[in-house]
Amino acid sequence: MKEFKVTTGPLPGSEKIYVEGERFPFLRVPMRRIRMSDTILENGEREKNEDVVVYDTSGPYTDTSYEVNLHRGVPKIREQWIEDRGDTLRLEGLSSEYGRMRQSDASLEELRYEHVCTRPRAAKDGCATQLYYARQGIVTPEMEFVAIRENQLIDQVRTRYRAEEGEPLGAVIPRKITPEFVRDEIAAGRAILPANINHPESEPMIIGRNFLVKINANIGNSPISSTIEEEVEKAVWAIRWGADTVMDLSTGDHIHETREWIIRNSPVPIGTVPLYQTLEKVQGDVTKLNWEIFRDTLIEQAEQGVDYFTIHAGLRWHHVPLTLRRLTGIVSRGGSIIANWCTTHKRESFIYEHFEEICRILAHYDVAISLGDGLRPGCIHDANDAAQIAELKTLGELTEIAWKYNVQTIIEGPGHVPMHKIRENMEIQLEACHGAPFYTLGPLVSDVASGYDHITSAIGAAQIGWFGTAMLCYVTQKEHLGLPNREDVREGVVTYKLAAHAADLAKGHPTAYWRDYMMSKARFEFRWKDQFHLSLDPEKAIQFHDATLPDEGHKEAHFCSMCGEHFCSMRANKNFRKLLNEEAVSK
């Protein structure tokens, strides 16, 4: 294997900090502190500005005290918490036949992660999920971790500014997130805390309507391109820019080994679509897919540490004819595979028929289920059609079954939806799926943006995030065109962080408003470096500014290259404010 080359170190003007727990003092919750410079007053005196603390997904890679070693993996911060609960055990070996086969294949030695765990954990009594604990009234360390993380130390600055209330549209956003609130939201099924007991490296996070809107980044190799090194680098790159979870959608060579490297080096939850690997195991022949191979794949991936599975269980055989009226048919890869299988075998899919057994497997490892939208609309013409809604209603039925087994559940959504149909989509989901968190791909609000689909989808993502979606799956500018590269991942993640942030502002999250408030203050005071550092992409902000005003002195200037020295409105504001203040004093 080639040597890994990942980007490390803090973003400009930032430093990693850790906040300790109260209920569980051993917790060290990571955050990013953006250092603010002083305001220079008219009389030349300095006024201190509060530093801004923001949510941080980058893991130890931005901690200057951490020595990165991808061959060792990131720290297993949850291992002792899991051990202390006493409800799991170490298996004697891998339960998956395929996992054992890969482990014993000497030809894979050079590709294999060196420290593979050959004795994964499983629940002693069949269930070790955060949903089960929450329903028992238990507050776990993961729940307090999440509460601290969501608050971002906002209490330290809350009295210094006037927060906008926002319009939460039915969401319930408390002034302060408590561990008990986290527990209650999970218990009600309105939020999930994806945390496979075999992924102790993951830093707990939460996905739910009443929390900050999260984003997911898709990575993964294809039969045509990419390597293990490239996919690990993409994963680390995505979390550096703010991906809350990462889905490995690999369909090329060495899927098992690629996933192991990603999980062991990931501080965020990892999701997959197990059906993809199952299809690879039968050499792409849909007709040969069966429950036994799929079941083995679920166990294989659960024992590696995958935190959530996209499973297309809601696509029923009788739904398939509804797609014949569509302009673009079935565009979901998983959906098209299931539809093909159902049509060939003239029966319900093995996934639907064995759904309860799937839930029992997932409960053993605390793998959350993301109920896939195999019938999502692939164009504006097909939005909110009969096929999409029929599947969505089935997903609601499956949600109740998953909850019966204490399996954490989220619902996947579209797709391509014009702006005037987005709110209706959200309302149907909330009712049909009993308030379970919604996880949407965009939606794209137009079909004509090839090369710019990260923008057309972010428009829809910001709206549906405001209306109630809990997590947004990013879309890159390569959507519909090709496999995204490293820079496409960055562009997609930052674009979706913006969409999520816009939704948080609209819903009235105080932490979102504080960052905007401080950015506006820095902008009016011509504190250029603070503006750069508060940006979602500080490096690009610096690059754009310095392209026309590169000298260090220009970072103190009271103008930029857009308006120049004589046409800067903020500079003019300062001048007439000074005059008005002087007149007021003289009177």
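Using N, Cα and C of the backbone, Cβ positions are placed for all residues, glycine too.
Of the listed candidates (Tyr276, Tyr365, Tyr452, Tyr496), Swiss-Prot assigns Tyr276 to the same substrate site as Asn218, Met247, His312, Ser332, Arg333, Gly334, Asp373, Gly374, Leu375, Arg376, Glu412, Tyr439. Across the residues annotated as binding substrate (Asn218, Met247, Tyr276, His312, Ser332, Arg333, Gly334, Asp373, Gly374, Leu375, Arg376, Glu412, Tyr439), the two Cα atoms farthest apart lie 20 Å from each other.
Here the CA atom of His480 (Zn(2+) binding site) lies 14 Å from the CA atom of Asn218 (substrate binding site). In the structure as shown, the Cβ atom of Tyr276 (substrate binding site) sits within 10 Å of 19 other Cβ atoms. On a Cα basis, Tyr276 (substrate binding site) lies 23 Å away from His416 (Zn(2+) binding site). Geometry remark: Gly374 (substrate binding site) versus His480 (Zn(2+) binding site), CA distance 17 Å.
DSSP gives Asn218 (substrate binding site) a strand state. Taking a C-beta cut-off of under 8 angstroms and a sequence separation of 6 or more, Tyr439 (substrate binding site) has the following same-chain neighbours: Ile207, Asn216, Ser370, Ile410, Ile411, Glu412, Gly413, Thr469, Ala470, Met471, Leu472, Cys473.
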